[in-house]
């Protein structure tokens, strides 16, 4: 809402207006400051355009308003349906699982995890780079599946795909 | 699966019925690897050793996770599951009860801590408490099962203590293939100053269970005669042994007598006493009888079928182990490599056996069940009977019988012998069908199998498939194991004339084979060039018209100290002639003289006659002839 502060905003009596209008030209006029409520730029999950040397994957390149148009969902569960509960718990579990796998498979993740819940099973779909030999990857997969199963008391399966390098969509 | 509708509520007979019905609609996918692996080309095992490596590393990952879960159980105690899932809770491997009391002993027995349990028992006796008979029997069971030592976890082998108190290292576990494969624990022997015997003698009263436990422990760990002494002791006290103790005694019977007839007499004696006491024999009893009969020499053939008859009369369904022992009794002589009488097979027992058991579904009831399929396929191979082999294989496909094939190495042997038989007997179309079906989803062939496949290709004149087979050989990691496969492939390709497209593909394949030889990366095993391999490679390249590459191979002869054959040099001359390249021809002659081949003179003459030579070339030729003449002198 615009509010104007006048430096010379004096309320004068009507009979003095005419007198004022002649003398207003002589009084120095001050500039009014307009201000609005704070309205920040959207910066969620966006990578700003830079010099053009930063490789960016498809997932990272698209901001969130493209979900359901050009992107899918990274976490799939039914708690957000009508009359279903537990959305917050699922989200917290997801965050833990993402951090856990980021740390366990250090430097190997080529893209964000996709976490699906089917029945009581947790399916973690991951895309890894081929930096370590396959048997080491199997060790980590067996370890993760067992540890997360015991942690969340439900069967946890990993579905793993590997790529040579991170797949670059464009350079920003 | 049965569905009954009752007030619009459907319930199934079995919780898994829906899943089982769905799975019966899907068949095995021959292009996929084993289900325990991830479905990704980088993560699919390509050889048998990779299969083992990947499965073992996955399993060791699981063990690492279990170790962490059991070491830090406080992080895993929050229970999300409803209803509670006990197998997903951390296990406590340390005993909780610390005082000396019966509950503590019970817990230690439950946790399988043999030495601590014996310790606790001694302390209880010293404190004067009377330990109940049942608890003492449980303790005796524990000690006798584990042979008076703690169960070995993984590769922590604890040093054994002998009677003198010295520490003796555990003997390295021997791995025997075939029927007598023992695990590490069974290499322990029953010591003289055993805790089990000591506690047994300390017991104020003993019942059948105590005697039974001790007898079974003694037989398991090799103290056979002691077991029989204990049995006579038991009889003197007028106690009746139970069926498990009798099974153990029957298993031990061949060890305590020398002559075949005596062994059988002892077994028969045991059976009669079982009958007298009214103890009902089970499947395991009969299987043990058969197994011990096999140690009785020539009596076995006559008696195994009688035993089978007895089993059926009692209404006990035979398991695969029964049939396995019967097969061994009849075919043992014919299959052993030492006897020369391999053709003296006067029985068609396997045929009648397959008539009887085709289409039946078997369960795993006896540890020896897994040996049946391998042995039957072995017999089919030596009999060279393909129809019988197909019957055995169809039995494998009935229901869940495939689970009775055993561990992956056993599976590998079975499919290997099946495929060898198919290669020998069937035409190439069927062979290739089996090849695509079995490899590599069910078994990884070894070089012997690939040789058989190449021979089958040769016999049916389908040599154009060799480049594909070579690709498979490389992928299986068999190329560098021994040079035979590569040489065989090259020889087969170089032998005959083929159409131009096939020659092209052969040339490409020959170059691929060449890459296998020579100096590879440091970690790979490499083969040395042999003369025949180089000759064949050059021949193939010449036939495809790639003269430059063929000339490179000629240079390799000198570099690797190998001598080319004369036939090869003739072929090179022919190609030089068709290219009208006299320079090459002269070089050839010079090369052959440097190898001091006897055909140098003939080659020189041929070059003089067939080519237009310049002056220098003629002079060079004459020099060569002169040196070769002087060599002859």
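Placement of Cβ uses the backbone N, Cα and C atoms for every residue, glycine included.
Keep in mind that TrEMBL annotations are predicted by a computer and have not been checked by a curator.
Quick look at what TrEMBL lists:
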type: REGION; residues: B:153-178; note: region 'Disordered'
type: REPEAT; residues: B:207-241; note: repeat 'PPR'
type: REPEAT; residues: B:282-318; note: repeat 'PPR'
type: REGION; residues: B:614-633; note: region 'Disordered'
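Here the repeat 'PPR' (B:207-241) has Cβ contacts under 8 Å with residues 133, 136-137, 140-141, 143-145, 147, 186, 188-190, 196-197, 200, 248-249, 251-252, 255-256, 277, 279 of the same chain, all six or more residues outside its ends. When pLDDT is averaged over the repeat 'PPR' (B:207-241), the result is 87.
According to DSSP, the repeat 'PPR' (B:282-318) comprises 30 helix, 0 strand, 7 coil. For the repeat 'PPR' (B:207-241), DSSP puts the residue distribution at 26 helix, 0 strand, 9 coil.
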